[in-house]
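Working notes, beginning with the structure itself.
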Amino acid sequence: MPITIKSRSKGLRDTEIDLSKKPTLDDVLKKISANNHNISKYRIRLTYKKESKQVPVISESFFQEEADDSMEFFIKDLGPQISWRLVFFCEYLGPVLVHSLFYYLSTIPTVVDRWHSASSDYNPFLNRVAYFLILGHYGKRLFETLFVHQFSLATMPIFNLFKNCFHYWVLSGLISFGYFGYGFPFGNAKLFKYYSYLKLDDLSTLIGLFVLSELWNFYCHIKLRLWGDYQKKHGNAKIRVPLNQGIFNLFVAPNYTFEVWSWIWFTFVFKFNLFAVLFLTVSTAQMYAWAQKKNKKYHTRRAFLIPFVF
C-alpha cells in the first residue's frame with residue numbers, strides 16, 4: 001500500500017512509503033531524509049490534510065495505527081534548526097554576560113565619574129545586591145536548562161533565536177543601566193515611606209522573599225520533570241496531562257507564579273527601577289497569557305498569581 005508524500009518546498013523531493021510495512025514516524029522521516037540528500041529530520045515538517053487544514057504528524061505510531069492510502073501527506077523544509085536546550089541556554093546566558101559587563105564597569109571609578117547619572121547617588125552596595133540576585137536567578141535557569149528541563153520539541157528554526165533572545169539580552173539587560181543610576185524615578189525618602197507602610201523596609205526581608213520564590217520555582221520545575229518522566233514511563237510521551245496535587249491545585253502554572261514573584265521582590269530591592277518594572281510587566285503579561293492557555297486546555301480555572309483571587 002504505497003503512498004506518496006508530496007513536497008511543499010522547492011528543495012525537497014516527493015517520497016514514496018509503503019504503509020503495509022507499518023513504519024514508525026521515525027522510519028518515515030529517515031526515508032524522507034535519505035531521499036533528500038540526508039537532510040536533518042528535524043528540518044522536516046510532516047503533515048496530513050484534514051478538512052483543508054495541514055495537521056502535523058507527531059505520534060510515533062501514526063503510520064501504524066491511523067494512516068491509510070486515502071490520506072494526503074506533505075513535507076516542508078523548516079530551514080536550519082537549533083536545539084531547544086541550546087536556545088534556552090543562549091537566552092539565559094545573555095543576562096549573565098550583559099550584567100557582568102555593566103556591573104564590572106560600574107566598579108571602575110573613572111567609568112563611574114564619566115557615565116553615572118547626575119540625578120542619582122552612586123550606590124555600590126545596591127549594585128552588588130542586584131547583580132548577585134540577577135546572577136543567582138539566571139544561574140539557576142542555566143542549571144535547570146542543562147539538567148532539569150525536558151523539551152516537547154527537539155528543535156526550532158535557528159533564525160527565531162534572535163527574537164527569543166531579545167527578551168533576555170535586551171529587556172533584562174536594560175536593568176543593568178541601573179548600576180549607573182539610570183531609571184530610578186523615586187527618591188529614597190518617598191520610596192521607603194511606602195516600604196515601611198507595607199512592612200517591607202528591611203532589605204534582608206526582600207532578599208529572603210526573592211530567594212524563597214526562587215526555591216519554590218525550582219521545586220515546581222523538579223516536580224514537573226518528575227511528572228513528565230512518570231508520564232513517559234507509562235507510555236504517555238506526547239499528550240500533556242496536568243499535575244493535580246499540592247500547589248499545582250492552587251495555581252495553573254506555579255512555576256510562572258513564583259517566577260513573577262521573584263521579579264516583584266527584585267523590583268522592590270532595586271527601588272522600582274523603571275527598567276526592572278518594564279521587564280516585570282512584559283514577563284508577567286507573557287506568562288499570564290501562557291497560564292490562561294493552560295487553563296483553557298485543561299478546562300480549569302486555577303489562579304495565576306494569588307490563590308482564589310487572580
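Every residue gets a Cβ built from N, Cα and C, even glycine.
What Swiss-Prot lists as topological domain 'Cytoplasmic' is 1-85 (among others), and the listing cites a curator's inference. Across the topological domain 'Cytoplasmic' (1-85), DSSP classifies residues as 22 helix, 29 strand, 34 coil.
The transmembrane segment annotation in Swiss-Prot covers 86-106 (among others).
Here the topological domain 'Lumenal' (107-141) is broken down by DSSP into helix, strand and coil counts: 25 helix, 0 strand, 10 coil. The feature topological domain 'Lumenal' is assigned by Swiss-Prot to 107-141 (among others), with a curator's inference given as support.
Marked as transmembrane segment by Swiss-Prot: 142-162 (among others). Cβ atoms under 8 Å from those of the transmembrane segment (142-162) belong to residues 42, 78-85, 87-90, 92-93, 96, 218, 221-222, 225, 228-229, 238, 240 of the same chain, restricted to positions at least 6 beyond its ends.
Annotation source Swiss-Prot lists transmembrane segment at 166-186 (among others), citing sequence analysis.
Under DSSP, the residues of the topological domain 'Lumenal' (187-201) split into helix, strand and coil as follows: 10 helix, 0 strand, 5 coil. Under the heading topological domain 'Lumenal', Swiss-Prot lists 187-201 (among others), citing a curator's inference as support.
Annotation comment: Swiss-Prot describes 202-222 (among others) as transmembrane segment, evidence class sequence analysis.
Within its own chain, the topological domain 'Cytoplasmic' (223-242) has Cβ neighbours under 8 Å at 58-60, 148-150, 152, 248, 255, 294, 297-298, 300, counting only residues six or more beyond its boundaries. Annotation comment: Swiss-Prot describes 223-242 (among others) as topological domain 'Cytoplasmic', evidence class a curator's inference.
Annotation source Swiss-Prot lists transmembrane segment at 243-265 (among others).
Residues annotated as transmembrane segment in Swiss-Prot: 269-291 (among others).
Here the topological domain 'Cytoplasmic' (292-310) has Cβ contacts under 8 Å with residues 240, 242, 249-253, 256-257, 260-261 of the same chain, all six or more residues outside its ends. Taken from Swiss-Prot, the feature topological domain 'Cytoplasmic' covers 292-310 (among others), and the record attributes it to experimental evidence.
The stretch in 86-106, 166-186, 243-265, 269-291 that contributes the largest number of Cβ pairs under 8 Å to the transmembrane segment (202-222) is 243-265. Residues of the same chain lying 6 or more positions beyond the ends of the transmembrane segment (86-106) and with a Cβ under 8 Å from any Cβ of it are 112, 115-116, 124, 127-128, 131, 134-135, 138-139, 141-142, 145-146, 149, 156, 161, 164-165, 167-169, 172-173, 175-177, 179-180.
Listed as Cβ neighbours of the topological domain 'Lumenal' (107-141) (distance under 8 Å, sequence separation of 6 or more from its ends, same chain) are residues 88, 92-93, 95-96, 99-100, 172, 175, 178-182, 184, 203, 207, 210-211, 214, 217-218, 262, 266, 269-271.
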